[in-house]
Amino acid sequence: MAAITTGSAVSFARPVKAINVGSVSFAGLRKDNVAFRMQPVTQRLAVICAAKKETVEKVCDIVKKQLVLPEGTQVTGASKFTDLGADSLDTVEIVMGLEEAFHISVEESSAQSIATVEDAANLIDKLVEAEAGK
Amino acid sequence: MASRSKLSGIQKQVLALYRGFLRTARLKSPEERHRIESVVSAEFRENARNIDRKNFVYIEYLLRRGKKQLEQLKDPDITGLSTLQINKSSSH
């Protein structure tokens, strides 16, 4: 029974992975991006999807505080909340914490699609910009 | 919990309810807010741990009850919430 559930979970994960292929490879590129920001190859991607460095750092801090992670735990842009030991309720709490820290309001649908620090940072930058543009 | 991006409808509803509670808690005084958050968080986590994830009837009941409680909590006249422990063996 357990085997069946895991089996189906895996097969569920597959199509999701497939959709994420773009963003997964993006994440890889973005990691390079941080290191070699000046490289023209990744510049185009930087414009499209890289969140501001401060935002990522601030998100990391909040995530660490929210999940009460031990000192020295590495949290980077590519960190998945679930990998850091967060369950779905923790993720809700993180997003709520971020909302308050950045004075924004995240809609239900977008809030549920946030899985990594980078996701959160990108969304925050977008919302902060939209807020400033008003 | 294997893949978070594939949440079922009922899971999304639960998370939306949780979010609703946390949002409403912000509107209350700081110490009440803190109490509400810990009560709500404990309740959700307790239920998440103890209820069989296939027990849809019960989960839906809890969702309805939670929504009703949230509506009550949204009333600005309501300043806080409290819980009481009932000894189950002595009830009825």
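From the backbone N, Cα and C atoms, a Cβ is placed for every residue, glycine too.
Predicted automatically and left uncurated, TrEMBL annotations should be read as such.
Annotated in TrEMBL:
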type	residues	note
DOMAIN	B:12-72	domain 'Complex 1 LYR protein'
| query | For the domain 'Complex 1 LYR protein' (B:12-72), what are the DSSP-based totals of helix, strand and coil residues? | reply | 53 helix, 0 strand, 8 coil
| remark: The mean pLDDT across the domain 'Complex 1 LYR protein' (B:12-72) is 91
